[in-house]
Each structure stands twice: as structure tokens, then as C-alpha cells.
Amino acid sequence: MAAKRKRGALAAGKAKRARSASSAGEAVPEGGPGERSVPPQEYSIPPPVSQGKWKNKERVLIFSSRGINFRTRHLMQDLRTLMPHSKADTKMDRKDQLFVINEVCEMKNCNKCIFFEAKKKQDLYMWLSNTPQGPSAKFLVQNIHTLAELKMTGNCLRGSRPLLSFDPIFDREPHYALLKELFIQIFSTPQYHPKSQPFVDHVFTFTVTDERIWFRNYQIIEEDASLVEIGPRFVLNLIKIFQGSFGGPTLYENPHYQSPNMHRRLIRLSVAAKFREKQQVKEVQKIKKKGTKVLVEEDPTEVVFETPAEEKPVEIQLVKPESKPIVKDKKKLRKIQRKKQKKLFRTEG
């Protein structure tokens, strides 16, 4: 009897599941008693996005030295967000030499490196290196704008693979051709990377203007294929290209590069020159004022219209004037005048 109860309970349970599935509008799997039915609450896990084999094992280490400001920190975080094949590390001490970065990359299993070096808390330098053999390039970073700024209105999928667009000058000059290959290996996301998405919805552009490399990131809009800037944006002023990683023989040196210290010095000198010019102008004006005035000869016709003034007769006093008493109080002055008047009446009487 107990077995019959269990069978009845199972049949009732199957009937209830079938009713609930039919009421919910879901299909009930058909089959014999040996086939297993999947309950409607379970969900199947989708397959991984990258179906192919990950062959290009490029990994980029992005970190900085101590003493960077908040803008550099945000720029570094934006690059890590846009590059799914990047890795992070703690800040490097200033006392350490740059060739120590090669050992850090080896420990992190990275073969490319982007290192931000801060100096004087106002100058920022960027190193792009192929570790540990080289080559490496050093840039001065200027005009930084990050993703968080409101000027950038675009948007893209996180982890999507970017297109790389280069200026035609990168194919003409040999040092720009070397930098182009370095940019391609560092900024391009490897195909079938586990953290990447199989979509192409933004473009990294590298443009050469005014002897500098301008980096921009644009979103591709599907409707009309127009571009909207996402960010970040910055300008790279090339300083040197080295044969080794973070050092070695110099392959190229930019003749148009001017250090920030020299630039600030020239600004101070120009301000001082303007101040000296103003002081010299003031001194010349003082000398002109103190100079001898040119005497103009007298015109004889000026006397024609002059009329002599009337002479007043001179009066000579023979009697000394009476001294008036100086009295501050008016009441006392009145008493004195009354006494004088009484004396005059008495003498007349």
C-alpha cells in the first residue's frame, strides 16, 4: 500500500507540473517514462563569446610612479578600462631605476608596458616599451582629458575591439613607422581574448599635427557611420626612441622637442623683458620732463593791449591806533564798554 501511495504521489506531482507548464504557456517535453524532463525554472548557460582560439597572447602592464595627480590617475584607469588585455600594478618608487620595470613585467607575465612617470608634480612623461628586448619610446603627455568629463558624449561596449586609424605620415617617416608598429601591438585588443567582446564599435585615431601625436577615441554610430568622441584624449610629444627597453642606444631624437623647464624659463624671460621695456619708457618720459625748456622770444606787440592800473593815494597815519582789548567773554566786553561810557559822561559834566 505504501508503494502504491508513492506512485500516486509521483503521478500527481507530474500532473501538477504539466498543468503549471501548460498554464504558463510553456512547452512540456514529450517522451516516455525513461526520458528526463527539464523544469521550466532552470536556465541554460550561454556559450563563451570567443569561439576561436586565443593565439595572440599580448598583455600590457599599465602603472605609474609615485607623485602623479588625480588627472593622470583617471587617465590610467580609462586606458585599463578600454584595453581588456591590460594588467595593473602598484606604483613604483622614484628611487628605483627604470630597468627594474622589465623584471616587474616578467613577474606579471606581460610583454608590453605603458609607464607614466611624474616629475615636479606638474610634468607627465609616458613610456611605451616592448619588454624585455625593446624598442621603447618616451613621450611628454599634454592636454589630458578623461572619460569622466562631460564634453565626451559617446559610449561604447566595454571590452570591444577597437579599430586603429593612423595618419598617412606614419607610412612615410621611418621613426613614425616604428611607432605605428608599437601602437598596434600595445593598443589593439587580441582576437578571441577571454575578456574581449566580438564587436567593433569604436576607433582609436593617431594623428600627427604640429610635430605631435594626437590620440582620440571615437564611437561608430551604426545609423549613418558618423563618429562621436568618447575619450580619453591626450597629446604625445615625442622625445626619444631607444633600442632597448627603458634605455639603450638612441635610435631617434626629436629636434623640435622643448623641455617643460625650458618652456617655463622662456615665459619668465618674456615677462621680464616686457617689464624692463615699461621701466625704460617711464625713465625716458622723466628725462623729457626734466629737460631744459626752449625759451620763446618776447613778442613786442603783446604790450599794445596792456592798460596801466589806477594808482591809489597813499594815506599816512600819524597817530598810533588804540589797542583793542582781547576778551574772550562777551559779557566782560560789555561791562568794559559801559565803564568807558560812564567815564565820558563824568568828564563832560
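Note that the numbers count up from 1, one per residue, in the order the chain is shown.
Positions of Cβ are set from backbone N, Cα and C atoms, glycine also.
TrEMBL: automatically predicted annotations, no manual curation.
Residues or ranges marked as compositional bias 'Basic residues' by TrEMBL: 1-19.
Sequence annotations record features per position, and here TrEMBL assigns compositional bias 'Low complexity' to 20-30.
TrEMBL lists 58-247 with the feature domain 'Brix'. Per-residue confidence over the domain 'Brix' (58-247) averages 92 (mean pLDDT, predicted model).
What TrEMBL lists as region 'Disordered' is 1-52 (among others).
What TrEMBL records for 329-349 (among others) is region 'Disordered'. Per-class residue totals from DSSP over the region 'Disordered' (329-349), listed helix then strand then coil: 19 helix, 0 strand, 2 coil.
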